[in-house]
Each structure stands twice: as C-alpha cells, then as structure tokens.
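A.B. asks: Following this message is one structure expressed as structure tokens.
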Amino acid sequence: MAEHESLEFGKADFVLLDNVSLEEFMANLKLRFEKGRIYSYIGEVVVSVNPYRAMNIYGRDTVEQYKGRELYERPPHLFAIADAAYKAMKRRNKDTCIVISGESGAGKTEASKYIMQYIAAITNPNQRAEVERVKNMLLKSNCVLEAFGNAKTNRNDNSSRFGKYMDINFDFKGDPIGGHINNYLLEKLLRGAPESLLRSLHIQKDPTAYNYIKVGGQIKSCINDGAEFKAVADAMKVIGFTGDEIQTVYKILATILLLGNLTFGVDGDVTLIESTKLVSVIRELLSTKEENVEKALLYRTVATGRDVIEKQHTAQEAGYGRDALAKLSPTDKSLEFDRDFRIRHYAGDVVYSVVGFIDKNKDTLFQDFKRLLYNSSNPVLKAMWPEGKLSITEVTKRPLTAATLFKNSMISLVENLACKEPYYVRCIKPNDVKSPLLFEQERCRHQVEYLGLLENVRVRRAGFAYRQTYPRFLQRYKMISEFTWPNHDLPSDRDAVKRLVQGCGFDHDVAFGKTKVFIRTPRTLFSLEEQRADMVQRIVLFLQKVWRGTLAKMRYRRMRAALVILRAYRRYKVRSYIREVNRRFKNVRSMKDYGRHVKWPTPPKVLRKFEEALRSIHNRWWAWTLIKGLSPEEALQVRAKVAGLEALKGQRSDLGLQRAWEGNYLKRDSPDTAAAFALVSSELQRKDKFMRVLFSCNVRKINRFHKAEDRAVLITDRHLYKMDPLKQYKAMKSIPLYNLFTQFLCAVDQVEAYSGPIYVRMSMQARHFIHEG
C-alpha cells in the first residue's frame, strides 16, 4: 500500500477507500488528478491518468527514489511497477510482463517509454559497453516505431496505429542483453491518419500533395521537422540500419506516396495509367524497369498448370492492386456507407460497413508485384521479397486473410502472456480536448467501468493478493526459519510452510490451501522479502567464510607440497653437483697441471658460496702441491713474488713474475754496462763501507720541466745513489737512507721488468721493497 502522501491528495491506493463505490472511486480519482497526482494504486495495479502536460517526475532523482524499493514504500508511480516487475524477475527467476491498457490518447505509449527508461537507468551499474549498446537500441527502437506507426488523430496527438509487444532479455545479473519486438498491423498505412510518419520524417512539407495523406491533413506549426527527421535517422543507425538500408526506406516511403497519386483510366476495353511520369519516378525509386512497373499495375499473371495467362485489370481492380502494394487500409473516418452494422464492444460501440468487407479481408498482394520487387537491382529491396523468386508457372497457396492473421497473432500473444507473471498499468483519458485542467466525469466513468477497476478494488479487498505453491514458497523463504533450513523433517511442505509462517507471526494474514499458500496483503509479502534478504546476507557471509577457509586450506596444502618438492629438488641438485665435482676432479693428482684445465660445473644457486670456498680450497691445494717440491731459495723467491702480487694486485698488468727477482739488476745487464757498473759499485763500497747491494736498475727521471732523463739507481744497506748511465754510471748524488722521506717518485726503464712510471716505497731499514703501480 502506498505511503508518504498527505490525505489532501486523496487515497493513494483505492483499496483503502472507506466505501467501495463508483462515486467514491471517481471522487478520489478526480481529486488526485486535480492535485497533480496522476498515478494511483489498486493493490499492485497502477492507474494512470493522462495529464496532457509535461511533468517533472521522471528525472534521475526520481529513479533513485524508487530503485530497489517496495511498492508501498513510495507514492504511486510507473517506476514502482517497473521496479516490482524487475525485482520479481530477479528474485523468482521467472519471466514477468507489464500489460498497459487503455483507449487511444490515454497515455499507453508514453507509459511504455517511461518504463523502458527506468529499466535502462537501473541496470548495468558497471557501465559495460555491450549492455549500454543494447539499452540504447531498445530505447531508440521506440523512436523508429513511433515514426512509422504513430499518427496524429482528433483524439490523440501521438496515436499508435499498430499493436506492439516488446520482449527484453536479461542475463543472470539482471542486465539487458537483447530484445525482440512483435508488431501487429504495422504494415498498414491508414488513410485518413494525417501527418503520421510522413510528417516526422519531413518527406514533404505539404501533405495535401499526396492522395493517401491529404484527407484531414493540417500543417502543424509546433513540429520541428528537421529535428524530428534527424532523431529518426540517428535512431535507425543505432539499432543497426546501414546507410543503404536507410536510403531504401526513404525510397519505399516515396514510392508509397507516389502510388497514391496514380490514377487509372479506360480507353475502350483497355485500362491505362493516366500519370505516366509518375511511373518513371516509381521505376527509378524501385530500381527496376518501367515496362515491368506498368505491367504489374495493369495486368495479373494467372498460372494454370503449365499455361500462363495474362489477365488485364479493370480500373477498379488496378486500384485495389495499387493499394495492396502500398498496404493501404482505409479507416472508418474516411468511409461513409449506407449499409453498415454495429458491434457493442466492452469499450464502446463500433460501426462496420459491409461494402468491400470481403475484399479488404482478403488483403491480396498479387504475385506480379512480388516478382517486380524481387527483380529490383536494389539488394535491400530484393531481400525483402524472397517470394518473388518463384517460377511464373508455379502455383502458390492462397495467402491467409487479414482476420486470420490477426486472430493467430492474438492467440500467440495470449499464450505468450499466460506463461509470464503479469503486472498491470490501466491508463485513463480525462477528456477529449487534450486539456490538462479538465476532468470529464462521464468520460472517465465509462473508462473505469469497461476497464473493470472497481471490480479489481473489490477483489483486492476481499481476496488474497499473492498466491504460490508450497514447494516454490518454501524454496524461496525456507532460510527464514530454523525448522525449514536447510531442509525440513516435517511430514509435508504444507506443514513446513505453516511452521515458517507461524514463526514470523503472520498467521492472521495467511491462508493455506490444498496446494498453495495465500497471502492477503502485500505488506506481509514484503516483510517476508526483507527477512529473506537479511538471511541471504548472513548465508552469503557464512558461505564466503567456509569457502575462503577451504581455499586457504587448499593453498596451504599446495604450498606445503611445493615446499616438500622444493626441498627434495634442492637436495637432488646438491647431490648432483657434488657427484659431478667428484667425477671431474677424481684423478686430479695424476694430471700434469693438477686440474687447472678442468672446468668447474655450474653450481645451484644455494651452493654458489660453497663453490667459491671449494675453489679457494682447491687453489690452495694446487699451490701447496707446486711449492712443496721447490728448493729453499726458490721457495723464498716465490714468497716474495706472492707478497708483491698481493700488494700490487690489479694495479699493473705485468709484475715480472716469469723471472727471478734478484734486486741487483744492473750487475746482470749487458756485459758492457755490467762491467762499468761493477767497477763503480766496488769503488763506492770501499768508500762508504756498505755491506751489500739491495737494488739497482735503470730509471727515467722526470725533471721539474717535465722532461725525461736517463738515470740509474743503486740502493745499498746505507745509501741511495743516483747515477748517470751515459757516463759509465758515475755517481751523481749520494743520500743516506736515514735522511730519506718515506716516498719519492721515479721511473723505471728495465726492459725485462717494467715499462712506464712506478713508485718505490723504502723502509728505514731498507730490508725489502714494494712496487706500487
């Protein structure tokens, strides 16, 4: 039941009327219309009164107010019934339908557009591109259908001249994924319906120029032809029409208009087309030959077995054929016959004429026209008429009559609706002058009576609004009660439903039948839905907790198994590496180079530090093996070289390791220089009384002018001598060792030892020397 409206607006739900009578019903309906409340409820049925004005109650804010709400939580609105049908489809996983009924001008078309607008607004929260495309196609389809099937009449500015049944398909998340539209009698062009599609498409500004639409035609200054045309063209592109198909539609419309202007005359026994220029234009529009157009309009081909006979039409028969090609159906407004009969329908009396009744019911379209259109060079037009490919001698069955087609369509529609859960919108037209202020009492009373709204109120007040079989009811609400969740142990589903309802405290509002449970008020059903929603959240949390625990256990088992495999694999790699090292170095003692040429295997990552240590151990063993066979003098020489190598590691590419380090190199130089040096050395020894020579070599001195000069250096245990090699190693300067600084710069020019500058570090005792690069 509707809430949140003051009593000054009347009763929002007619079920709440104090006295259920037609007078009370009409008074409440009129009060709400005058107060601007065009929607009311009869239980779950929406009653809509056409306001004949734009109302600001369909915006995004209004959509948010009704989204996810129950019917009784907000004032009556089309959005509420649309949301109820949408939620029922999602909750019960069952197809639903919304039936919109009422007479012409009551607002059925606008109601259907607002319902589709609401469904499009509440779906696809993630803005998926494909769902948005489907939604746009469904919304734009209304624009195209109205352009081709709606007309302005005296009773309705946007009267639908055809029946429409629209299916919207949803996925499991409730997002639209497609749709299908069935139409009824859309192929009929209604003579006497002024400015229908042809005005909105801006085919011709002057409708009086064409016979098919000039009856009652009036120029409407309030229509923006350019904007309407662009809207229809854009909508056709959105729903999938190609450029060629759109152009073909325009050509077909132009052809229909020109067919209406064709007139036929008689010259003796021969029927002629009086306006031959129009035939040329029609031929061009249909992309076929002019003689074929004339032949199809004036002759009919009759096949009897193998014989083919061309029968010429009379002027009247040619007119029937022309109208059949254009799918023309005259309306009652254009007929004035003396012989007619009246049928009293539930909505009112309708007068029918017997003249031409059978011909109109046949709705015959000759095979000649189908063959004409199939032979068109326009591929789109050709694909529309596959029946035209039949051989001219082939005899076809008589087509179904218009009444039979309509009857079959209605049977199919009723069967389709019967398998869905229905929701209803009853539309009422307040007056015939399209005034937003006038409420014609008798006009509205008649509609209330034939729509059965008062009877609907009585049924709602006396009966039960909701019914469901016990298994389905239990399947949906069993989680509410501890006695039925997850499965009950009671004798029957009926007993289980009783226990569930008693636990919720709804005994007074529920009745139990043989196979179904009946609930009187929607409020009880909504309360059950709220409890179910709360329990579903708890169940979902419980299932998530169990599932997450299961996933964690599975991940732990996989991780544990992976660790076991990893440990085993690592042990395998270590064993494999050690076995390989053992295999390669097994006979290293008998090798000439004691395994220096052996390539080490690549170790696993975990053994890289171990491999470095192993290489160091092997290198030490290799060095010890080489040194242990040397004489004491050779061993001393090796130790000196090792000390020099460690001190100058990475600083020079050649440290003279290939020869013996003797120190007194000038003594072992060439014989010419060696003799002169020996002589000078002996004289200095007698003069300065040093004990022995520590080091001697040729050097290159860089003076303060950055010029190089050849010099020789002699270092003894007492002095350092600078000599001139060019003057028979004459001593140029003698420096006592205790007066020397710690470092000095010199250049070495020993061919076998070094090339380039070196530094010599001297200790005060001059016991040894160290080369620094």
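Cβ atoms are placed via backbone N, Cα and C, with glycine included.
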A.B. asks: Region 'Actin-binding' per TrEMBL sits at which of 249-271, 410-432, 525-547?
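C.D. replies: Checked against TrEMBL: region 'Actin-binding' maps to 410-432.
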A.B. asks: Applying a 10 Å Cβ distance cut-off over all chains shown, what neighbour count does G102 (ATP binding site) have?
C.D. replies: 21
A.B. asks: State the count of C-beta atoms found within 10 angstroms of the C-beta of E103 (ATP binding site), not counting that atom itself.
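C.D. replies: E103 (ATP binding site) is surrounded by 18 other Cβ atoms within 10 Å.
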A.B. asks: Sequence gap of 6 or more, C-beta under 8 Å: which same-chain residues meet both conditions with respect to K108 (ATP binding site)?
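C.D. replies: Result: I100, S101, G102, S160, V425, C427.
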A.B. asks: Taking every protein chain in this structure into account, which of the binding-site residues S104, T109 has the most other Cβ atoms within 10 Å of its Cβ?
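C.D. replies: Output for this query is T109.
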